[in-house]
Amino acid sequence: MPPIPSATPATGPDPLGPDAADPAVLPTHEPAAADLARAAARTAGDLLAPPAPVRLGDVIPAPERVAPDPTADFVLPEDAAIRVSRGPAARDVAEQLAELLRPATGYPLLVAEVADDGTDGQLALTLSGLAASAPASTSAGDSAPADRLGDEGYRLHVTSAEVRIVAATPAGLFHGVQTLRQLLPTAVESPAPVADRWVVPGGLIVDRPRFPYRGAMLDVARHFFGVADVLRVIDHLARYKLNHLHLHLTDDQGWRIAVDSWPRLAPMGGATEVAGGLGGWYTAADYRRIVRYAARRHVTVVPEIDLPGHTNAALLAYPELAPDKVAPPPYTGTEVGFSYLNPADERTYDFVSDVLGEVAALTPGPWLHIGGDEAFKVKGEAYTGFVERAQRIVAATGKTVVGWHQLAPAAHLDGRVLQWWGTNGDDPVVAEAVRRGARLILSPGNHSYLDMKYAPDTPIGHDWAGLIDVRRSYDWDPGTHVADVPAEAVLGVEAPLWTESVTSLAEIEFMLLPRLPALAELAWSPRATHDWAGFRDRLAGHGPRWDRAGIAFHRSPEVPWPAEPAQPAVPRQPTAETTDRTSGQVHPDPAGAPAPPPAANGV
Ligand code: TNX
(Lines of atoms letter the chains of each structure in order from A and count residues from 1; the text may use other names and numbers.)
(Lines give C-alpha, C1' and ligand atoms only; values in the text may rest on other atoms or scores of the structure.)
Protein backbone atom coordinates (compact mmCIF):
# COMPACT_ATOMS: atom_id res chain seq x y z
CA MET A 1 0.00 0.00 0.00
CA PRO A 2 1.37 3.43 -0.77
CA PRO A 3 1.99 5.27 2.47
CA ILE A 4 0.22 8.52 3.16
CA PRO A 5 2.86 11.17 3.63
CA SER A 6 2.61 13.01 6.88
CA ALA A 7 2.26 16.66 6.12
CA THR A 8 4.11 19.20 8.11
CA PRO A 9 2.57 22.61 8.17
CA ALA A 10 5.05 25.00 6.64
CA THR A 11 7.06 26.84 9.21
CA GLY A 12 6.35 30.16 7.49
CA PRO A 13 4.02 32.78 8.84
CA ASP A 14 1.40 31.32 11.13
CA PRO A 15 -1.86 31.37 9.18
CA LEU A 16 -3.58 32.22 12.42
CA GLY A 17 -1.17 34.94 13.38
CA PRO A 18 -1.57 38.66 12.86
CA ASP A 19 -2.26 39.16 9.22
CA ALA A 20 -1.45 42.75 8.50
CA ALA A 21 1.99 44.11 7.75
CA ASP A 22 3.19 47.52 8.79
CA PRO A 23 2.13 50.27 6.49
CA ALA A 24 5.05 51.28 4.35
CA VAL A 25 5.71 54.47 2.53
CA LEU A 26 7.83 54.40 -0.59
CA PRO A 27 10.49 57.06 -0.92
CA THR A 28 9.66 59.66 -3.49
CA HIS A 29 13.22 60.85 -4.17
CA GLU A 30 14.86 60.48 -7.54
CA PRO A 31 17.03 57.38 -7.79
CA ALA A 32 20.69 58.10 -7.07
CA ALA A 33 23.33 57.50 -9.73
CA ALA A 34 24.51 54.39 -7.89
CA ASP A 35 20.98 52.94 -8.01
CA LEU A 36 20.80 53.61 -11.72
CA ALA A 37 24.15 51.94 -12.27
CA ARG A 38 23.04 48.90 -10.29
CA ALA A 39 19.82 48.68 -12.31
CA ALA A 40 21.76 48.94 -15.57
CA ALA A 41 24.13 46.17 -14.47
CA ARG A 42 21.16 44.02 -13.54
CA THR A 43 19.54 44.57 -16.92
CA ALA A 44 22.77 43.67 -18.70
CA GLY A 45 22.99 40.50 -16.61
CA ASP A 46 19.41 39.59 -17.40
CA LEU A 47 20.04 39.79 -21.12
CA LEU A 48 22.53 36.95 -20.71
CA ALA A 49 20.41 35.12 -18.19
CA PRO A 50 18.77 31.76 -18.73
CA PRO A 51 15.07 31.70 -19.60
CA ALA A 52 12.43 31.59 -16.88
CA PRO A 53 12.03 28.07 -15.46
CA VAL A 54 8.25 28.31 -15.67
CA ARG A 55 6.45 29.06 -18.94
CA LEU A 56 3.74 31.70 -18.98
CA GLY A 57 1.09 29.12 -19.78
CA ASP A 58 2.12 26.75 -16.96
CA VAL A 59 -0.77 27.78 -14.75
CA ILE A 60 -3.60 25.80 -13.13
CA PRO A 61 -6.40 26.50 -13.82
CA ALA A 62 -5.45 27.24 -17.43
CA PRO A 63 -5.96 30.94 -18.20
CA GLU A 64 -8.33 32.08 -20.91
CA ARG A 65 -5.63 33.80 -22.96
CA VAL A 66 -1.85 33.59 -22.76
CA ALA A 67 0.57 35.56 -24.96
CA PRO A 68 4.19 34.85 -23.94
CA ASP A 69 6.97 37.30 -24.67
CA PRO A 70 10.26 35.56 -23.99
CA THR A 71 12.14 38.84 -24.39
CA ALA A 72 10.31 40.39 -21.45
CA ASP A 73 11.04 38.20 -18.40
CA PHE A 74 10.93 40.07 -15.12
CA VAL A 75 13.47 39.42 -12.40
CA LEU A 76 12.38 40.39 -8.92
CA PRO A 77 14.98 42.70 -7.44
CA GLU A 78 15.82 42.77 -3.75
CA ASP A 79 14.32 46.23 -3.42
CA ALA A 80 11.06 45.23 -5.10
CA ALA A 81 7.98 47.04 -3.90
CA ILE A 82 4.29 46.63 -4.53
CA ARG A 83 2.19 49.60 -5.56
CA VAL A 84 -1.52 49.13 -5.40
CA SER A 85 -4.64 51.18 -6.02
CA ARG A 86 -6.08 52.89 -2.98
CA GLY A 87 -8.64 51.10 -0.82
CA PRO A 88 -8.40 48.53 1.94
CA ALA A 89 -9.46 45.48 -0.08
CA ALA A 90 -6.99 46.07 -2.92
CA ARG A 91 -4.27 46.97 -0.46
CA ASP A 92 -4.91 43.75 1.40
CA VAL A 93 -4.33 41.76 -1.78
CA ALA A 94 -0.98 43.52 -2.12
CA GLU A 95 -0.16 42.70 1.51
CA GLN A 96 -0.95 39.07 0.82
CA LEU A 97 1.38 39.08 -2.18
CA ALA A 98 4.09 40.53 0.04
CA GLU A 99 3.39 37.88 2.71
CA LEU A 100 3.68 35.24 0.04
CA LEU A 101 7.01 36.51 -1.33
CA ARG A 102 8.81 37.46 1.88
CA PRO A 103 9.55 34.03 3.43
CA ALA A 104 11.34 32.51 0.41
CA THR A 105 12.96 35.67 -0.99
CA GLY A 106 13.85 37.26 2.32
CA TYR A 107 13.10 40.60 0.63
CA PRO A 108 11.27 43.32 2.56
CA LEU A 109 8.61 43.90 -0.16
CA LEU A 110 7.23 47.29 0.78
CA VAL A 111 3.59 47.94 -0.03
CA ALA A 112 2.26 51.38 -0.93
CA GLU A 113 -1.10 52.65 -2.03
CA VAL A 114 -1.04 54.97 -5.02
CA ALA A 115 -3.69 57.31 -6.36
CA ASP A 116 -5.39 56.68 -9.67
CA ASP A 117 -2.68 55.49 -12.02
CA GLY A 118 -4.43 55.76 -15.30
CA THR A 119 -6.28 52.47 -15.35
CA ASP A 120 -9.67 53.95 -15.93
CA GLY A 121 -11.33 53.07 -12.65
CA GLN A 122 -9.85 49.59 -12.49
CA LEU A 123 -7.66 48.32 -9.69
CA ALA A 124 -3.99 47.83 -10.38
CA LEU A 125 -1.18 46.15 -8.52
CA THR A 126 2.38 46.61 -9.72
CA LEU A 127 5.45 44.75 -8.57
CA SER A 128 8.69 46.42 -9.55
CA GLY A 129 12.01 47.69 -8.29
CA LEU A 130 11.78 50.54 -5.83
CA ALA A 131 13.64 52.81 -8.25
CA ALA A 132 11.12 52.26 -11.02
CA SER A 133 8.83 55.18 -11.49
CA ALA A 134 5.23 54.63 -10.53
CA PRO A 135 3.32 53.43 -13.57
CA ALA A 136 2.33 56.63 -15.26
CA SER A 137 0.14 55.49 -18.04
CA THR A 138 -1.83 52.57 -19.26
CA SER A 139 0.56 49.83 -20.31
CA ALA A 140 -0.14 47.62 -23.33
CA GLY A 141 -1.74 44.97 -21.15
CA ASP A 142 -4.35 47.40 -19.91
CA SER A 143 -5.97 48.03 -23.25
CA ALA A 144 -8.84 45.50 -23.15
CA PRO A 145 -12.03 47.02 -21.75
CA ALA A 146 -12.54 46.55 -18.01
CA ASP A 147 -15.98 45.03 -18.32
CA ARG A 148 -14.52 42.02 -20.11
CA LEU A 149 -12.77 41.01 -16.90
CA GLY A 150 -16.00 40.76 -14.92
CA ASP A 151 -16.19 40.19 -11.17
CA GLU A 152 -13.25 37.86 -10.90
CA GLY A 153 -11.12 38.29 -14.01
CA TYR A 154 -7.69 39.89 -14.17
CA ARG A 155 -5.03 40.87 -16.62
CA LEU A 156 -1.42 40.12 -15.78
CA HIS A 157 1.26 41.82 -17.82
CA VAL A 158 4.90 40.90 -17.29
CA THR A 159 7.60 43.10 -18.77
CA SER A 160 11.26 43.33 -17.88
CA ALA A 161 10.39 46.41 -15.81
CA GLU A 162 7.38 45.22 -13.81
CA VAL A 163 4.60 42.76 -13.20
CA ARG A 164 1.28 44.52 -13.37
CA ILE A 165 -2.08 43.02 -12.46
CA VAL A 166 -5.25 44.88 -13.39
CA ALA A 167 -8.76 43.88 -12.37
CA ALA A 168 -12.19 45.35 -11.82
CA THR A 169 -12.41 43.94 -8.28
CA PRO A 170 -10.15 42.92 -5.38
CA ALA A 171 -11.16 39.28 -6.09
CA GLY A 172 -9.78 39.64 -9.62
CA LEU A 173 -6.53 41.10 -8.29
CA PHE A 174 -6.32 38.21 -5.83
CA HIS A 175 -6.74 35.63 -8.59
CA GLY A 176 -4.04 37.42 -10.56
CA VAL A 177 -1.73 37.08 -7.57
CA GLN A 178 -2.39 33.32 -7.47
CA THR A 179 -1.31 33.15 -11.12
CA LEU A 180 1.81 35.16 -10.36
CA ARG A 181 2.62 32.76 -7.52
CA GLN A 182 2.65 29.84 -9.96
CA LEU A 183 4.80 31.75 -12.46
CA LEU A 184 7.60 32.22 -9.94
CA PRO A 185 10.17 29.45 -9.47
CA THR A 186 9.16 26.51 -7.24
CA ALA A 187 11.39 27.77 -4.45
CA VAL A 188 8.90 30.58 -3.82
CA GLU A 189 6.97 27.99 -1.78
CA SER A 190 9.85 27.63 0.63
CA PRO A 191 9.00 28.77 4.15
CA ALA A 192 12.58 29.97 4.68
CA PRO A 193 14.85 32.21 2.56
CA VAL A 194 16.47 30.57 -0.44
CA ALA A 195 18.93 32.09 -2.90
CA ASP A 196 17.24 31.95 -6.28
CA ARG A 197 16.76 34.04 -9.36
CA TRP A 198 13.16 35.14 -8.92
CA VAL A 199 12.19 35.32 -12.53
CA VAL A 200 8.68 35.66 -13.94
CA PRO A 201 8.15 34.76 -17.63
CA GLY A 202 7.31 37.76 -19.81
CA GLY A 203 4.05 38.30 -21.64
CA LEU A 204 0.37 38.86 -21.10
CA ILE A 205 -2.39 36.77 -19.50
CA VAL A 206 -6.04 37.79 -19.72
CA ASP A 207 -8.20 35.52 -17.62
CA ARG A 208 -11.62 35.11 -16.09
CA PRO A 209 -13.68 32.14 -14.85
CA ARG A 210 -16.05 29.96 -16.83
CA PHE A 211 -18.37 29.37 -13.83
CA PRO A 212 -19.10 31.70 -10.93
CA TYR A 213 -19.34 28.92 -8.29
CA ARG A 214 -16.16 26.92 -7.80
CA GLY A 215 -15.95 25.02 -4.56
CA ALA A 216 -14.93 22.20 -2.32
CA MET A 217 -16.77 20.67 0.61
CA LEU A 218 -15.24 19.53 3.87
CA ASP A 219 -17.26 17.15 6.03
CA VAL A 220 -16.36 18.20 9.57
CA ALA A 221 -19.17 16.06 11.01
CA ARG A 222 -17.95 12.50 10.43
CA HIS A 223 -14.55 13.52 11.76
CA PHE A 224 -14.08 16.91 13.32
CA PHE A 225 -11.30 19.18 12.09
CA GLY A 226 -10.18 22.19 14.10
CA VAL A 227 -10.01 25.75 12.84
CA ALA A 228 -6.32 25.52 11.88
CA ASP A 229 -7.01 22.58 9.58
CA VAL A 230 -9.92 24.36 7.93
CA LEU A 231 -7.81 27.46 7.33
CA ARG A 232 -5.20 25.37 5.61
CA VAL A 233 -7.88 23.83 3.37
CA ILE A 234 -8.96 27.38 2.48
CA ASP A 235 -5.37 28.11 1.42
CA HIS A 236 -5.50 25.16 -0.97
CA LEU A 237 -8.78 26.36 -2.45
CA ALA A 238 -7.56 29.91 -2.93
CA ARG A 239 -4.36 28.76 -4.65
CA TYR A 240 -6.49 27.20 -7.41
CA LYS A 241 -9.02 30.03 -7.65
CA LEU A 242 -11.83 28.11 -5.96
CA ASN A 243 -14.14 30.61 -4.32
CA HIS A 244 -16.50 28.57 -2.11
CA LEU A 245 -15.90 26.38 0.93
CA HIS A 246 -18.94 24.29 1.80
CA LEU A 247 -18.80 23.09 5.41
CA HIS A 248 -20.90 20.00 6.12
CA LEU A 249 -21.50 21.02 9.74
CA THR A 250 -23.96 18.43 10.97
CA ASP A 251 -24.56 14.73 10.55
CA ASP A 252 -25.42 11.64 12.54
CA GLN A 253 -21.95 11.43 14.05
CA GLY A 254 -21.61 15.03 15.17
CA TRP A 255 -23.12 18.51 15.43
CA ARG A 256 -20.27 20.97 14.92
CA ILE A 257 -21.63 24.47 15.40
CA ALA A 258 -22.79 26.11 18.61
CA VAL A 259 -26.40 27.31 18.51
CA ASP A 260 -27.45 29.63 21.36
CA SER A 261 -31.16 28.91 21.14
CA TRP A 262 -30.62 25.13 21.30
CA PRO A 263 -27.59 25.06 23.55
CA ARG A 264 -27.23 21.28 23.97
CA LEU A 265 -26.70 20.70 20.23
CA ALA A 266 -22.95 21.33 20.14
CA PRO A 267 -21.75 20.10 23.54
CA MET A 268 -23.85 16.92 23.43
CA GLY A 269 -24.19 16.37 19.72
CA GLY A 270 -20.59 17.37 19.02
CA ALA A 271 -18.96 15.00 21.49
CA THR A 272 -18.62 12.06 19.12
CA GLU A 273 -17.25 11.18 15.70
CA VAL A 274 -16.79 8.12 13.52
CA ALA A 275 -15.02 5.33 15.41
CA GLY A 276 -15.68 7.01 18.73
CA GLY A 277 -13.20 9.92 18.84
CA LEU A 278 -13.81 12.99 20.95
CA GLY A 279 -15.29 15.10 18.18
CA GLY A 280 -15.50 18.83 18.77
CA TRP A 281 -17.40 21.84 17.50
CA TYR A 282 -16.97 25.47 16.48
CA THR A 283 -18.01 28.30 18.72
CA ALA A 284 -19.50 31.32 16.98
CA ALA A 285 -16.06 32.95 17.34
CA ASP A 286 -14.35 29.94 15.69
CA TYR A 287 -16.80 30.02 12.83
CA ARG A 288 -16.38 33.76 12.37
CA ARG A 289 -12.63 33.26 12.27
CA ILE A 290 -13.02 30.73 9.46
CA VAL A 291 -15.35 33.05 7.58
CA ARG A 292 -12.96 35.99 7.98
CA TYR A 293 -9.92 34.03 6.90
CA ALA A 294 -11.85 32.76 3.88
CA ALA A 295 -13.14 36.23 2.98
CA ARG A 296 -9.62 37.63 2.94
CA ARG A 297 -8.86 34.99 0.31
CA HIS A 298 -12.07 35.73 -1.61
CA VAL A 299 -13.61 32.43 -0.56
CA THR A 300 -17.24 32.35 0.56
CA VAL A 301 -18.25 29.90 3.29
CA VAL A 302 -21.40 27.87 2.58
CA PRO A 303 -22.69 26.33 5.81
CA GLU A 304 -24.75 23.15 5.63
CA ILE A 305 -27.21 21.99 8.25
CA ASP A 306 -28.29 18.60 6.93
CA LEU A 307 -32.09 18.14 7.28
CA PRO A 308 -34.36 16.26 7.85
CA GLY A 309 -32.14 13.12 7.79
CA HIS A 310 -28.55 12.78 9.02
CA THR A 311 -29.75 14.15 12.37
CA ASN A 312 -28.84 11.55 15.01
CA ALA A 313 -26.53 14.01 16.80
CA ALA A 314 -29.33 16.59 17.05
CA LEU A 315 -31.83 13.99 18.25
CA LEU A 316 -29.64 12.76 21.06
CA ALA A 317 -29.38 16.34 22.32
CA TYR A 318 -33.10 17.09 21.78
CA PRO A 319 -35.15 13.85 21.76
CA GLU A 320 -38.36 15.92 21.55
CA LEU A 321 -37.56 16.26 17.81
CA ALA A 322 -37.46 12.50 17.25
CA PRO A 323 -40.57 10.74 15.95
CA ASP A 324 -40.70 8.55 19.06
CA LYS A 325 -39.31 11.32 21.33
CA VAL A 326 -36.70 8.86 22.62
CA ALA A 327 -33.03 9.92 22.64
CA PRO A 328 -30.97 7.67 20.36
CA PRO A 329 -27.51 6.58 21.46
CA PRO A 330 -24.52 8.43 19.99
CA TYR A 331 -23.67 7.14 16.54
CA THR A 332 -20.07 6.42 15.54
CA GLY A 333 -20.64 4.11 12.57
CA THR A 334 -20.88 4.97 8.88
CA GLU A 335 -24.35 3.93 7.82
CA VAL A 336 -26.69 6.58 6.47
CA GLY A 337 -30.41 7.17 6.18
CA PHE A 338 -31.73 5.98 9.52
CA SER A 339 -32.30 9.20 11.49
CA TYR A 340 -34.79 12.01 10.87
CA LEU A 341 -36.56 14.93 12.46
CA ASN A 342 -40.30 14.42 12.89
CA PRO A 343 -41.76 16.31 9.93
CA ALA A 344 -45.25 16.18 11.44
CA ASP A 345 -44.36 18.07 14.62
CA GLU A 346 -44.45 21.90 14.69
CA ARG A 347 -41.56 21.90 17.16
CA THR A 348 -39.36 20.66 14.29
CA TYR A 349 -40.01 23.89 12.40
CA ASP A 350 -39.19 26.02 15.47
CA PHE A 351 -35.91 24.14 15.57
CA VAL A 352 -35.24 24.60 11.85
CA SER A 353 -36.06 28.34 12.00
CA ASP A 354 -33.92 28.94 15.07
CA VAL A 355 -30.91 27.01 13.82
CA LEU A 356 -31.01 28.35 10.27
CA GLY A 357 -31.62 31.86 11.59
CA GLU A 358 -28.54 31.75 13.80
CA VAL A 359 -26.32 30.19 11.15
CA ALA A 360 -27.54 32.72 8.59
CA ALA A 361 -26.76 35.56 10.99
CA LEU A 362 -23.20 34.29 11.42
CA THR A 363 -22.68 33.90 7.68
CA PRO A 364 -21.97 36.88 5.44
CA GLY A 365 -22.18 34.84 2.21
CA PRO A 366 -25.45 34.48 0.30
CA TRP A 367 -25.90 30.70 0.60
CA LEU A 368 -27.47 28.41 3.17
CA HIS A 369 -27.35 24.66 2.48
CA ILE A 370 -30.08 22.50 4.00
CA GLY A 371 -28.81 19.06 2.96
CA GLY A 372 -31.87 17.00 2.17
CA ASP A 373 -29.96 13.87 1.11
CA GLU A 374 -30.69 10.30 2.08
CA ALA A 375 -33.70 11.00 4.29
CA PHE A 376 -34.85 7.50 3.44
CA LYS A 377 -37.48 7.38 6.17
CA VAL A 378 -39.23 10.62 5.23
CA LYS A 379 -40.99 9.76 2.03
CA GLY A 380 -43.25 11.35 -0.59
CA GLU A 381 -45.27 14.33 0.55
CA ALA A 382 -43.85 14.24 4.06
CA TYR A 383 -40.44 14.88 2.49
CA THR A 384 -41.44 17.50 -0.09
CA GLY A 385 -43.63 19.25 2.48
CA PHE A 386 -40.69 19.45 4.88
CA VAL A 387 -38.32 20.70 2.19
CA GLU A 388 -40.75 23.32 0.94
CA ARG A 389 -41.08 24.75 4.45
CA ALA A 390 -37.33 24.62 5.01
CA GLN A 391 -36.75 26.42 1.69
CA ARG A 392 -39.13 29.18 2.78
CA ILE A 393 -37.41 29.43 6.16
CA VAL A 394 -34.10 29.96 4.36
CA ALA A 395 -35.63 32.61 2.13
CA ALA A 396 -36.92 34.40 5.24
CA THR A 397 -33.33 34.67 6.51
CA GLY A 398 -32.43 36.51 3.29
CA LYS A 399 -30.22 33.68 2.03
CA THR A 400 -30.43 31.60 -1.12
CA VAL A 401 -31.24 27.97 -0.47
CA VAL A 402 -28.91 25.20 -1.61
CA GLY A 403 -29.63 21.51 -1.12
CA TRP A 404 -28.53 18.13 -2.41
CA HIS A 405 -30.39 17.17 -5.58
CA GLN A 406 -32.88 15.05 -3.61
CA LEU A 407 -34.67 18.38 -3.15
CA ALA A 408 -35.59 18.34 -6.86
CA PRO A 409 -39.20 17.10 -6.56
CA ALA A 410 -40.11 19.84 -4.06
CA ALA A 411 -41.76 23.01 -5.39
CA HIS A 412 -39.43 25.57 -6.92
CA LEU A 413 -38.46 28.56 -4.84
CA ASP A 414 -36.83 31.55 -6.47
CA GLY A 415 -33.11 31.17 -6.86
CA ARG A 416 -32.82 27.70 -5.40
CA VAL A 417 -29.73 25.71 -6.17
CA LEU A 418 -29.45 21.93 -6.29
CA GLN A 419 -26.15 20.19 -5.72
CA TRP A 420 -26.14 17.21 -8.05
CA TRP A 421 -24.11 14.22 -6.88
CA GLY A 422 -25.34 11.55 -9.26
CA THR A 423 -23.14 9.13 -11.09
CA ASN A 424 -25.24 8.96 -14.24
CA GLY A 425 -25.87 12.17 -16.13
CA ASP A 426 -29.33 11.08 -17.16
CA ASP A 427 -31.49 12.53 -14.40
CA PRO A 428 -34.94 13.58 -15.63
CA VAL A 429 -36.17 14.64 -12.18
CA VAL A 430 -33.31 17.08 -11.82
CA ALA A 431 -33.65 18.25 -15.44
CA GLU A 432 -37.31 18.98 -14.70
CA ALA A 433 -36.38 20.96 -11.56
CA VAL A 434 -34.00 22.97 -13.76
CA ARG A 435 -36.84 23.67 -16.22
CA ARG A 436 -38.79 25.03 -13.23
CA GLY A 437 -35.90 27.40 -12.50
CA ALA A 438 -33.35 25.59 -10.33
CA ARG A 439 -29.66 26.07 -10.97
CA LEU A 440 -27.13 23.30 -10.43
CA ILE A 441 -23.84 22.87 -8.66
CA LEU A 442 -22.24 19.78 -10.15
CA SER A 443 -20.56 17.25 -7.88
CA PRO A 444 -20.76 14.04 -9.90
CA GLY A 445 -19.92 11.22 -7.51
CA ASN A 446 -17.82 9.35 -10.06
CA HIS A 447 -15.67 12.36 -11.01
CA SER A 448 -15.61 14.88 -8.18
CA TYR A 449 -15.99 12.88 -4.94
CA LEU A 450 -12.71 13.36 -3.16
CA ASP A 451 -13.47 10.56 -0.70
CA MET A 452 -13.28 7.99 -3.48
CA LYS A 453 -10.08 5.96 -3.60
CA TYR A 454 -7.58 6.70 -6.34
CA ALA A 455 -6.81 3.03 -6.90
CA PRO A 456 -7.76 -0.29 -5.29
CA ASP A 457 -4.85 -0.03 -2.87
CA THR A 458 -5.53 3.54 -1.69
CA PRO A 459 -5.50 3.06 2.09
CA ILE A 460 -8.44 5.36 2.82
CA GLY A 461 -11.66 6.28 1.09
CA HIS A 462 -14.63 4.56 -0.51
CA ASP A 463 -15.28 3.12 -3.94
CA TRP A 464 -19.07 3.12 -4.23
CA ALA A 465 -18.85 5.72 -7.01
CA GLY A 466 -15.79 4.07 -8.55
CA LEU A 467 -12.07 4.71 -8.36
CA ILE A 468 -11.12 8.29 -9.21
CA ASP A 469 -7.60 9.10 -10.21
CA VAL A 470 -6.71 12.51 -11.65
CA ARG A 471 -7.70 11.78 -15.20
CA ARG A 472 -11.16 10.71 -14.16
CA SER A 473 -11.62 13.86 -12.08
CA TYR A 474 -10.49 15.91 -15.10
CA ASP A 475 -12.21 14.24 -18.04
CA TRP A 476 -15.80 15.49 -18.00
CA ASP A 477 -17.52 18.68 -19.03
CA PRO A 478 -19.71 20.52 -16.50
CA GLY A 479 -21.43 22.32 -19.37
CA THR A 480 -22.87 19.15 -20.91
CA HIS A 481 -22.69 16.58 -18.13
CA VAL A 482 -26.35 16.31 -17.12
CA ALA A 483 -28.72 15.49 -19.98
CA ASP A 484 -31.23 18.25 -20.80
CA VAL A 485 -29.53 20.72 -18.47
CA PRO A 486 -28.13 23.67 -20.44
CA ALA A 487 -24.74 25.12 -19.48
CA GLU A 488 -26.50 28.37 -18.43
CA ALA A 489 -28.22 26.48 -15.60
CA VAL A 490 -24.89 25.30 -14.22
CA LEU A 491 -23.72 27.63 -11.49
CA GLY A 492 -20.50 25.71 -11.08
CA VAL A 493 -18.61 22.74 -9.74
CA GLU A 494 -17.89 21.51 -6.23
CA ALA A 495 -15.60 18.74 -5.02
CA PRO A 496 -16.92 17.17 -1.80
CA LEU A 497 -14.65 15.49 0.74
CA TRP A 498 -16.65 13.21 3.04
CA THR A 499 -14.60 12.14 5.99
CA GLU A 500 -15.85 8.81 7.29
CA SER A 501 -12.33 7.46 6.73
CA VAL A 502 -10.38 10.71 6.74
CA THR A 503 -8.99 11.54 10.16
CA SER A 504 -6.20 14.11 9.86
CA LEU A 505 -5.02 17.13 7.89
CA ALA A 506 -2.42 14.97 6.11
CA GLU A 507 -5.18 12.63 4.99
CA ILE A 508 -7.33 15.55 3.85
CA GLU A 509 -4.47 16.83 1.71
CA PHE A 510 -3.73 13.36 0.38
CA MET A 511 -7.32 13.07 -0.85
CA LEU A 512 -7.49 16.68 -2.14
CA LEU A 513 -4.26 16.74 -4.08
CA PRO A 514 -3.80 16.30 -6.96
CA ARG A 515 -7.53 16.03 -7.78
CA LEU A 516 -8.59 19.45 -6.53
CA PRO A 517 -6.58 21.33 -9.21
CA ALA A 518 -8.21 19.15 -11.89
CA LEU A 519 -11.68 20.10 -10.70
CA ALA A 520 -10.66 23.72 -10.27
CA GLU A 521 -9.60 23.79 -13.90
CA LEU A 522 -12.97 22.41 -15.04
CA ALA A 523 -14.71 25.12 -13.04
CA TRP A 524 -12.49 28.03 -14.10
CA SER A 525 -10.99 27.42 -17.52
CA PRO A 526 -12.69 27.81 -20.90
CA ARG A 527 -13.58 24.45 -22.39
CA ALA A 528 -11.27 25.22 -25.32
CA THR A 529 -8.27 24.81 -23.01
CA HIS A 530 -9.30 21.29 -21.98
CA ASP A 531 -6.45 18.92 -22.75
CA TRP A 532 -5.43 16.02 -20.54
CA ALA A 533 -1.86 15.75 -21.84
CA GLY A 534 -1.22 19.45 -21.30
CA PHE A 535 -2.92 19.44 -17.91
CA ARG A 536 -0.94 16.41 -16.75
CA ASP A 537 2.33 18.15 -17.60
CA ARG A 538 1.34 21.39 -15.90
CA LEU A 539 0.17 19.45 -12.84
CA ALA A 540 3.51 17.65 -12.61
CA GLY A 541 5.18 20.97 -11.81
CA HIS A 542 2.99 21.35 -8.72
CA GLY A 543 4.41 18.28 -6.97
CA PRO A 544 7.70 20.01 -6.10
CA ARG A 545 5.73 23.07 -4.98
CA TRP A 546 3.67 20.98 -2.55
CA ASP A 547 6.83 19.23 -1.38
CA ARG A 548 8.44 22.60 -0.68
CA ALA A 549 5.46 23.77 1.29
CA GLY A 550 5.21 20.53 3.30
CA ILE A 551 1.86 19.62 1.76
CA ALA A 552 0.89 15.96 1.52
CA PHE A 553 -0.34 14.67 -1.84
CA HIS A 554 -0.92 11.49 -3.77
CA ARG A 555 1.78 10.77 -6.35
CA SER A 556 -0.66 9.65 -8.97
CA PRO A 557 1.05 7.35 -11.48
CA GLU A 558 -0.85 9.17 -14.23
CA VAL A 559 1.26 12.29 -13.74
CA PRO A 560 4.93 12.64 -14.79
CA TRP A 561 6.13 14.08 -11.47
CA PRO A 562 9.74 15.19 -11.49
CA ALA A 563 11.95 12.82 -9.49
CA GLU A 564 11.40 13.09 -5.76
CA PRO A 565 14.11 15.09 -4.01
CA ALA A 566 16.50 12.85 -2.08
CA GLN A 567 15.95 15.07 0.93
CA PRO A 568 12.56 16.64 1.43
CA ALA A 569 12.93 20.36 0.84
CA VAL A 570 11.21 21.09 4.12
CA PRO A 571 12.30 19.12 7.17
CA ARG A 572 9.32 17.07 8.23
CA GLN A 573 8.40 16.91 11.85
CA PRO A 574 5.71 14.89 13.51
CA THR A 575 2.52 16.77 12.85
CA ALA A 576 1.55 18.87 15.80
CA GLU A 577 -1.57 18.07 17.67
CA THR A 578 -4.69 19.02 15.88
CA THR A 579 -5.49 21.70 18.35
CA ASP A 580 -8.25 24.20 18.20
CA ARG A 581 -10.88 21.74 19.16
CA THR A 582 -13.33 23.85 20.95
CA SER A 583 -13.88 23.55 24.66
CA GLY A 584 -10.38 22.36 25.32
CA GLN A 585 -10.87 19.11 23.50
CA VAL A 586 -7.50 18.29 22.07
CA HIS A 587 -6.48 14.96 20.78
CA PRO A 588 -3.38 13.87 19.02
CA ASP A 589 -3.41 13.98 15.29
CA PRO A 590 -3.41 10.39 14.11
CA ALA A 591 -1.41 11.25 10.95
CA GLY A 592 1.00 8.48 10.32
CA ALA A 593 -1.08 5.98 12.22
CA PRO A 594 -2.50 3.25 10.06
CA ALA A 595 -5.69 4.41 8.42
CA PRO A 596 -8.88 2.73 9.53
CA PRO A 597 -10.32 0.21 7.13
CA PRO A 598 -12.58 1.76 4.52
CA ALA A 599 -15.95 2.48 5.99
CA ALA A 600 -18.96 0.57 4.87
CA ASN A 601 -21.40 3.10 3.53
CA GLY A 602 -24.99 2.30 3.14
CA VAL A 603 -25.26 4.21 -0.13
C1 TNX B 1 -23.18 9.93 0.27
S2 TNX B 1 -23.39 12.43 -1.25
C3 TNX B 1 -23.54 10.93 1.14
C4 TNX B 1 -22.78 11.11 2.39
C5 TNX B 1 -21.68 10.12 2.52
C6 TNX B 1 -21.03 9.87 1.19
C7 TNX B 1 -19.86 8.95 1.24
C8 TNX B 1 -24.41 12.72 -0.14
C9 TNX B 1 -25.22 13.87 -0.33
N10 TNX B 1 -24.50 11.89 0.89
O11 TNX B 1 -23.64 11.07 3.49
O12 TNX B 1 -20.76 10.62 3.42
O13 TNX B 1 -21.97 9.35 0.30
O14 TNX B 1 -19.22 8.90 0.02
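Backbone N, Cα and C define each Cβ position, glycine as well.
Residues or ranges marked as compositional bias 'Low complexity' in TrEMBL: 7-30.
In terms of DSSP secondary structure, the domain 'Beta-hexosaminidase bacterial type N-terminal' (58-207) contains 46 helix, 42 strand, 62 coil. Per TrEMBL, domain 'Beta-hexosaminidase bacterial type N-terminal' is recorded for 58-207.
Here TrEMBL flags 211-526 as domain 'Glycoside hydrolase family 20 catalytic'. Here the domain 'Glycoside hydrolase family 20 catalytic' (211-526) has a mean pLDDT of 98 out of 100.
Marked as active site, proton donor by TrEMBL: Glu374.
Residues annotated as compositional bias 'Pro residues' in TrEMBL: 591-603.
Around the Cβ of Glu374 (active site, proton donor), 18 further Cβ atoms fall within 10 Å across all displayed protein chains.
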